[in-house]
Amino acid sequence: MVHSDLGIEELDSPESSLNGSEDMESKSNLYSQYEEKVRPCIDLIDSLRSLGVEQDLALPAIAVIGDQSSGKSSVLEALSGVALPRGSGIVTRCPLVLRLKKLGNEDEWKGKVSFLDKEIEIPDASQVEKEISEAQIAIAGEGTGISHELISLEVSSPHVPDLTLIDLPGITRVAVGNQPPDIEYQIKSLIRKYILRQETINLVVVPANVDIATTEALRMAQEVDPQGDRTIGILTKPDLVDKGTEDKVVDVVRNLVFHLKKGYMIVKCRGQQDIKHRMSLDKALQRERIFFEDHAHFRDLLEEGKATIPCLAERLTSELIMHICKTLPLLENQIKETHQRITEELQKYGKDIPEEESEKMFCLIEKIDTFNKEIISTIEGEEFVEQYDSRLFTKVRAEFSKWSAVVEKNFEKGYEAIRKEIKQFENRYRGRELPGFVNYKTFETIIKKQVRVLEEPAVDMLHTVTDIIRNTFTDVSGKHFNEFFNLHRTAKSKIEDIRLEQENEAEKSIRLHFQMEQLVYCQDQVYRRALQQVREKEAEEEKNKKSNHYFQSQVSEPSTDEIFQHLTAYQQEVSTRISGHIPLIIQFFVLRTYGEQLKKSMLQLLQDKDQYDWLLKERTDTRDKRKFLKERLERLTRARQRLAKFPG
């Protein structure tokens, strides 16, 4: 586990200790403590950044921003001890990760620049500016365009602090020369990409001789960090401050003007004349200290530890270490969660398609077998569904319930409606029979009519259920074969062909059933039992009536009551028969047989080996996505391994 409490806050940097009067042994012991506590933290984050983890998660960092000509490059030069590209216009054209590593006094200077998968050793500090310029040209091309591609500069020296900074292009407001018209927008978008992250400390460089409230860099930092919790202000060019305004500068540094929770520092770096006269960076540091010691207004800031490059280096190292220690537990958890999410997402894309023909066959078998198993589970009502979805059988059963209601509604007409219909048939079709004799033709005609009107609703239900099943099977195909467009297309074609075939068979069977229902038939014992129940029910209702005068006046012919009882008894039986048998037909043809035929048809694809390559051809975006996810997963796996080994 990574722990946030590493005891860093109470540890002085070796930079500050070397300015004291301790003997060499004390210096050595302090440096060892510093190496033990500080270096592992920074090295860990640098190693994660070198892995590319920043493509997946934000890492603790210090981003350096400033308006053009704010002195940003001079500050970085003073901290790193190397010259960086200079000139007019846009000089920093790519984000520059400046990794500073403090070495022991006996060690020699080392440098290395990395970009676009290239790594170039730099033998001498004087070559840094040239290598950075060439790297920017390689990435962003000739001219003044910018790029989001990182350049990493690693400087190892006894004279630099342990620190990692990200230098961003200076903010420009107006495109000049051959700069893109939207150069201001491009630069600000690049800067926001970094300073928006809560894991980033924003180091805002502002000239001391300008109104701090008008600087674009500080305004951008305030937009993303309104409380100033992770912003440090750096004032430069104190030697250019107008006489009489020094106290205002002191007030700014003391956080009395534009409040930042982390406050301000002030430094004096090499000016243009100093560079022209080739003043060394060491000499510039000496001159800087003398400037603050001798300045009537600024010497107090030096005593308060708020002035000079060495104080800034110590402060930034301390801030970065505390920031790293604070964010490491969260970072570890984020990496773990992201690793799990990417692993799950990668599983959806399956394995890479094998090259060997025999392996391709097994790959296709596996995919078809998985598809077939889900189809069978689906038709048996055992498939897995998401929380708010329903199983196929549940959807089909709902349609069957609607069908049952349609049948029931068709037969359940009120007394008056049925009696009226019976009376009409009596008046139209009664033959030689005396009153009180039941006309079987009347009974049969009414039954046939009521059954016949259910045929088309039954066929409509068949089409509805078939569409539901076809759509479900297509969804299963998409789930398993969507990344293989030929295999998915073939499966959909088979799903449609078998649907038409089975739907036609089911419709024939349904229409045949309704033709058979035109033969009025019921088992004698079943019919007698149903008729007896109807008569008993009517007798009970008659018994419960207080007066049957109204009823008798409505039923003038005994045959009407008799036919009504027979109709009701037969309706009950035919209703049960139709309600159950039509769903059985549909289940048999367009659910079970449909699924089984589809399974067999998919297995037949394995017989044509010449089609394997065609069937297993992936979408280009699928292949690229799998590769992208595998790269991310590898990065995160290595990041977790490094975090696990961190001695926190």
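Quick reminder: no glycine exception, Cβ is built from N, Cα and C everywhere.
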Quick one: which of 127-130, 131-134, 167-170, 315-318 does Swiss-Prot have down as region 'G3 motif'? 167-170
Please work out the helix, strand and coil residue numbers for the domain 'GED' (560-648) from the DSSP assignment. 81 helix, 0 strand, 8 coil
Residues satisfying Cβ distance under 8 Å from Lys72 (GTP binding site), sequence separation of at least 6: Val64, Ile65, Gly66, Thr92, Asp167, Gly170, Val205, Thr236
According to DSSP, does Leu168 (GTP binding site) sit in a helix, a strand, or coil? coil
Predicted model, mean pLDDT over the region 'Middle domain' (355-522): 85
Counting other CB atoms within 10 Å of each candidate's CB, the least crowded of the binding-site residues Leu168, Ile171 is Ile171
